Amino acid sequence: VIGQPAKSKRPKEPGENKIRPVNKKVKPKTPKTKERESVDSSLKSQSILTQVMDKGHFQKLAATLSLAAGQSVELRCKGSNVTWNYPSYLDTFKDSRLSIKQLDRYSQLILANSTAADTGEYSCWLQLCSGNKCRKDETKTGSTYIFFTDKEELFVPTPSYFEIVYLNPDNPAVIPCRVTTPSAKVTLHREFPAEEIETDGTDIIYDAKKGFVFQHPTSDHKGIVYCKAESQGAPQISIKYHLLYVEVPRGPPSSTIAVSPSRARVSDRVRVVCTVLGEPDVDVTFRWQYPGQESGRPVIIQNFWRLINRGIGHTTRISKSVLLVEDFEDIDVGNYVCIAQNLRGETTVATKVELK
């Protein structure tokens, strides 16, 4: 009896066949979602980032891509509100070879006449906006690292011939001698005494996308170094890197304030100096509060910084803000407050100027 209705419904089997594949597609959706949670962003990117090939074909991108320098590349990222990230120097020099267009269903990035200097990460993500506030959709991102290979330029060119790298015991340090050819053999060398620095794969590792990474920098690593690359031809030498060891406590600025004179006569020149001792690569900003501020009392404020060597290869950055009152008056009597701020917080110091 059960079999008979099935026979009578055979003419509907084409309809049933249409439903069955849908059911088959629904079942794998759950494991796919679980897989996405565990894979890295470069694999997620394959769903939204593609390369446009010849004759209108598209290619999903892996974590890395190698192209010959001189080629043009077109990338597409699915979505109606896409943001791109690419090597920062293309922005610095406002390179006309780079073009980005947002269309209805995708965003298009075209880089024409590529060079070895264009080697780097190219990524995109979908923006979710509500009113004026937007945030990155972490589930819809794409990323690939493109090597623009050039046998004449094994190292990615840089605008300078000499760079400073700060060695901080709390953070890995990177010697950024990146290559354009991922298969190139790269070694690290000290200038004096002349020697090759061993890359053990633990404390010092090499990453073609970054350069040499010192996982635990020490004062023994300081000095001048360079990289050497070989790939089917004569070896090439990178620019030089000056490694400076830094040992300054991390945290909000360590500020001091001094004034001269602290007891001033009318028409005197008063100088208030706010000083911060900190890490060489950490910027400090200053704000002032002073007695005549609300009434628009004119003062001169000058900010500057410099690096000093504290011996044994230790380097520190001194940042200063100087507030000058040219013609001291009664309105200038009171407290002078300096607020110094860096990425880790702010510190407030104050001093008082009296009338003599």
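Yeah, the Cβs are placed from backbone N, Cα and C, and that goes for glycine too.
Note that TrEMBL annotation is computational and uncurated.
The region 'Disordered' feature in TrEMBL is assigned to 1-43.
Annotation comment: TrEMBL describes 21-31 as compositional bias 'Basic residues'.
According to TrEMBL, the domain 'Ig-like' annotation covers 253-356.
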Handout entry: Summary of DSSP states over the domain 'Ig-like' (253-356), given as helix, strand and coil counts
Key = 3 helix, 65 strand, 36 coil
Handout entry: Mean of pLDDT values spanning the domain 'Ig-like' (253-356)
Key = 89
